[in-house]
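Enquirer: First the structure, which I've put down as structure tokens, then a few questions once you've had a look.
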Amino acid sequence: MNVASLLVELVLMPLVAFVVGLAMVLMMRRIAARLQRRVGPPFFQPLFDIVKLYGKHTQTSHGLVHDLGIVMAVGGYIAAETMLPVPGMTGIADKGGLVVLAYVMMVPSLGLALGVGQCANPNGSIGISRALTAMLAYDVPFIIVIFGVAFHFGSSNLITIAAAQQAAGIAGWGVSQMPLLALAGLFALHGMLGKQPFEIYVAPAEIATGPMVEMSGKHMGGLFVMQCFQLYTAAVLYVTLFLGGGENWLSFLAKSFAVLAVPVSLAYLFPRYRTEDLVRLMWKWPTMIGLLGLAFLMH
Amino acid sequence: MTSLSDIPVIQTPPEAPARGGNPLANVFDDFIRYCRSRSLFMLHYCTGCGAIELPPAMTSRFDMERIGIQPMVTPRQADILLVTGYVSVKTLKRIILTYEQMASPKYVIGICSCTVNGGMYWQSYATAKKLNDYLPVDLYIAGCMPRPEAVIEGLKALRDNIEAGTSDNWKDYYQRYDHYLGNQQRLFGADWQTPTEVIAEAKHYGLFGPDTLGEHTRRLEDHRKPLEPLRMTLNAGRLEHME
Ligand code: SF4
């Protein structure tokens, strides 16, 4: 691959991710609205929100680290997008692989923690400590799942994993080969999205949206962009690991949206867990299911 | 004070015409203004009884989200400050603090007759009567209390005003800060100060007007105490106790 086409892919992949992510945010909000028997937001609402936030006249920044934290939060996901193969584009996926991706996906939370730290708002600190604890909780099943998939396909390269599944057909998909790991992965994915019932770190009525409490204007806009990337990354990673990746854009997008619709539809049906209950739940069920899945794989 | 005609109507000049006759010169500004009118985050300051009409306006019956309005919980994130009903003197201080922390462009909506003229609390010594003496109100929704239909209508009117570029009262707060500060001082005493540097913000964002400074801001200079961060300490005694 020559440099020019690689550069084009590095620019295009995050852009595509952003546009798909906007649609995913819309889907999430529409599902929530339908479950609550509302009409829901108009089609371009996620875009309006982001443009509005970036178009604010005045801006409150609490210092350099506050600004850099947002850059890290968005940048971490932009880096992750270039390592997720999509139909027709692989970017630097063959250089990165699952392990680097798992690391890069932690950068946004750490960046947010840095940024929120400088705001010195107690609600923000409580929120971010809860968010990092939650990360500790869902990362254990997440790592087990990643390890299991890499073990099964004998590679941590996402392109190889997707290609192996596509060659073998539906019977060779991760979800048919490793149903227990797929289930644990769905659990971890739900935790990663930070949606109800795992959104104690946001808790709007209690700690005033936690990490987001001091974010205004462009900072908040950055976080809205981050949310688009977050939904996209989680869904596409799951599709690549368990649902055969993308042969073409149509089936790829259909699978990604379907994966995301599961946790999002479940989300609005349950009240939230407390942090310690969340850790207990994550370390018990998905971890146990994941370990069981691993045992079957290795047997 | 009791006559409607005393309430100042702020005339803002329309947006600057297209530069150089290029019809596309303002496309970007228009787009941003359109997005601004279609996406409004609302901070509801619900201490008055009018708040009870907001849940139906927000939830499945009338669903604000379909016109792009979402509740938000902190002033930093919000565009609309919704004051729902009577404002006591003590509450007003908090409302002003909240308002000054919001990022511009910001809009204030007064719901209920009590925010228009004091309503049934007219004779109370403890309530502020006219909200727009203290804050630049963009829209009043009158009624005791207004029904959700009226609230939604009001919000749609605000949306149309923003899209037309006529809802610019937040600039008025910077440009006539002396006027608002004077009214605030009349109520709270001469040593009233907020942590937000409104005058410095006005200078920084080019919103400085001839009436930004005046006799009341001079009084502010005299009384102002520099804000100091609270000293952070761990309570040693309690730590020992915990060990
Ligand atoms: S106008 Fe009526 S309903 Fe509204 S705050 Fe005043 S007394 Fe309450």
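Using the three backbone atoms N, Cα and C, a Cβ is placed for every residue, glycine included.
Dumping what TrEMBL says about this protein:
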type	residues	note
TRANSMEM	A:6-28	transmembrane segment
TRANSMEM	A:100-120	transmembrane segment
TRANSMEM	A:132-155	transmembrane segment
TRANSMEM	A:167-189	transmembrane segment
TRANSMEM	A:222-243	transmembrane segment
TRANSMEM	A:249-269	transmembrane segment
TRANSMEM	A:281-298	transmembrane segment
Enquirer: Please identify the stretch among A:132-155, A:222-243, A:249-269, A:281-298 with the greatest number of Cβ pairs below 8 Å relative to the transmembrane segment (A:6-28).
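Expert: Against the transmembrane segment (A:6-28), the leading stretch is A:222-243.
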Enquirer: Which residues of the chain, 6 or more past the ends of the transmembrane segment (A:100-120), have a CB below 8 A from one of its CBs?
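Expert: Sequence-remote neighbours of the transmembrane segment (A:100-120) are 62-63, 65-77, 79-80, 83-84, 127-128, 131-132, 135, 139, 142-143, 146, 158, 211, 213-214, 219, 223, 226, 230, 233, 237.
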Enquirer: Would you say the transmembrane segment (A:222-243) and the transmembrane segment (A:281-298) are touching, if the rule is that at least three C-beta pairs must lie under 8 angstroms and be 6 or more residues apart?
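Expert: Contact criterion not met.
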Enquirer: Name the range, of those listed as A:167-189, A:222-243, A:249-269, that has the largest tally of Cβ pairs under 8 Å with the transmembrane segment (A:132-155).
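Expert: Looking at each of A:167-189, A:222-243, A:249-269 in turn, the most contacts to the transmembrane segment (A:132-155) are made by A:167-189.
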Enquirer: What parts of the chain pack near the transmembrane segment (A:222-243), using Cβ distances under 8 Å and only residues at least 6 beyond its ends?
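Expert: Those are 14, 17-18, 20-22, 24-25, 28, 46, 49-50, 53, 70-71, 73-74, 77-78, 80-81, 84-86, 101, 105, 108, 112, 145-146, 149, 158, 161-162, 165, 173-175, 178, 181-182, 185-186, 189, 192-193, 212, 215, 252, 255-257, 259-260, in sequence order.
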Enquirer: Near the transmembrane segment (A:167-189), which same-chain residues lie under 8 Å Cβ to Cβ, leaving out any that are not at least 6 residues past its ends?
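Expert: For the transmembrane segment (A:167-189), the sequence-distant neighbours (Cβ-Cβ under 8 Å, at least 6 residues beyond its ends) are 138-139, 141-142, 144-145, 148-149, 152, 161, 234-235, 238, 241-244, 259, 262-263, 282, 285-287, 289-290, 292-294, 296-297.
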